[in-house]
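Chemist: Annotations per TrEMBL:
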DOMAIN    1-286  domain 'G-protein coupled receptors family 1 profile'
TRANSMEM  6-32  transmembrane segment
TRANSMEM  127-150  transmembrane segment
TRANSMEM  180-208  transmembrane segment
TRANSMEM  235-260  transmembrane segment
TRANSMEM  266-286  transmembrane segment
Amino acid sequence: MAKWDLAIGLIFLTQTTVGILGNFSLLCHYIILSFTEYRWRSTDFIHKHLIGANFLALVCKGVPQTMAAFGRKHFLSDIGCKLLLFLHRVGRGVSIGSICTLSVYQAITIRPGNSRWAELKVKAPKYIVPSIFLCWVLQMLVNIIFPIYLTSTLNDKNITDKKDFGYCSSVRHDKTSDSLYGLLLSFPDVLCLGLMLWASSSMVFLLYRHKQRVQHIRGTNASSRTSPESRATKTILLLVSTFVYFYTLSSIFQLVMSLFDNPSLILVNVAAVVSVCFPTVSPFLLMSDNSKVPKVPRLCFAWRRNIRPPCLMKNM
């Protein structure tokens, strides 16, 4: 095994392991909270689906890429290759849809109650569940054509007319068809990115204006303690900015790969590493906000039905 293959294999293995453990830890928080009197928030539903999308992206991309980097390239059938890449695309799409829904929802809820958004602010929690399920259905429909041109490398004898991606390969076809299908795949992502940028800019503006008002009324030292809404908003802004960074970087690599008839294995591996960076990092960003995801040692269980733990009174 070459040194480069060993290095990229260790990177894939570390990235996949850390990502799965991080998402599993976040999932454990919600499992533990289900045994308490914790008052579930509307954003918790989005977080759960984001965890599911992260698992799909990590398992369906990180695991086969790790095996391919360590020399096990011919281990998937055509159906397995198509299914894994389809699920990875769906997980990636639901991830961007979840972040978009989360940022738009937070941008609406932090607005003042006497603004023109007051009516939508009351109805916003009702739209979360249908919005997330719409993301799943839309991504399944958009990506259903994606696996058609993919084949396994298990039985490939003539790879001169195919692009090799390690454990899978794709048939080269007309550039016009590639461009049209690329626009179809990119449209939901571009729409979500536009909504995220709008929501993020509006949240930054509202936080800045609120900070200026507080400093003007109470003095400069009054804003040293941030509210839970401000902490949650800052966490979402960090989540959105991280996603936009990795998504943009991944899109650049995908564009470069599409320009080559047979991209190099180094380019393929680097693009794969970048594509699973956000599912690896996002659970740690969410767990960094103590107001949204309480730490396990701080949780209290309701051992008696008629007694409410003091630590859970703060969540009410």
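Each residue, glycine too, has its Cβ placed from N, Cα and C.
Neighbours and distances for these, please.
Modeler: Residues 44, 47-48, 51, 54-55, 58-59, 62-63, 65-66, 69-70, 269, 272-273, 276-277, 279-281, 283-284, 286-287, 293-294, 296, 299 of the same chain lie 6+ residues outside the transmembrane segment (6-32) yet bring a C-beta within less than 8 angstroms of a C-beta in it.
Taking Cβ pairs closer than 8 Å, the transmembrane segment (266-286) reaches residues 4, 8, 11-12, 15-16, 18-19, 22-23, 25-26, 47, 50-51, 53-55, 57-58, 61-62, 65, 69, 91-92, 95, 164-166, 235, 238-239, 242-243, 246-247, 249-250, 253-254, 256-257, 260, 292-293 in its own chain, all 6 or more past its ends.
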